[in-house]
Amino acid sequence: MAYLRSSFVFFLLAFVTYAYAATIEVRNNCPYTVWAASTPIGGGRRLDRGQTWVINAPRGTKMARIWGRTNCNFDGAGRGSCQTGDCGGVLQCTGWGKPPNTLAEYALDQFSNLDFWDISLVDGFNIPMTFAPTNPSGGKCHAIHCTANINGECPGSLRVPGGCNNPCTTFGGQQYCCTQGPCGPTDLSRFFKQRCPDAYSYPQDDPTSTFTCPSGSTNYRVVFCPNGVTSPNFPLEMPSSDEEAK
């Protein structure tokens, strides 16, 4: 009997180890509410200042995104809207957010048993962010940041309420969106790259913007407003404090 119980416990531990490749802690350090979003797993969660949300990401998860939504209002059924990052008017996101939104992107247990992850401004910028392994192992497995005053310095042609759009969103076309083959940086993409050199500034900005960590042994942390109240990147309109669905 004891052997059977031990075997069952071992099976459960092995299943948990197999099922979850990484734990991702999302923390809001902003002095306002952020409605965090995560796809294809997680959905959404209201985070008041200082609150955290833990996402258990299964092995093989890819094309995954985490972002923050601002100035949201949701009713008791979880329906409503957000000024930035809205995902179809629902609290629990199943699709991507509407630009502008600063993105933490990741794919777990991919080539060579590595996790691939990045911060992307290809959908613009709304909230400063840090994305980091909790146990960095050197090389390209280290914390990355995008905390510059992008909202305050945003070019007029890209400025929108609550954030700063990427030129692909604003103008479209091959030059900015790279949808028809190779493309290079532009003056507008350089605006983002100069301020956040770790982050993607246009769709083919791979060499300086993709980071890797060993899969299965690395957990991660995403922090909104890592500099707290000293950050200049606060929305001009403070988010509503209305309660969303629990």
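The backbone N, Cα and C atoms fix where each Cβ goes, and this holds for glycine too.
For C141, the disulfide partner named by TrEMBL among C72, C213, C225 is C213.
Contacts of C183 (disulfide bond) defined by a Cβ separation under 8 A and a same-chain sequence distance of 6+ are given as Q174, Q175, Y176, C177, Y202, P203, Q204, in order along the sequence. With C141 (disulfide bond) as the anchor, the candidate disulfide-bonded residues are C30, C72, C82, C225, and the one with the nearest CA is C225. Checking the disulfide-bonded residues (C82, C87, C164, C168, C196) against C178 (disulfide bond) with a 10 Å Cα-Cα cut-off leaves C168.
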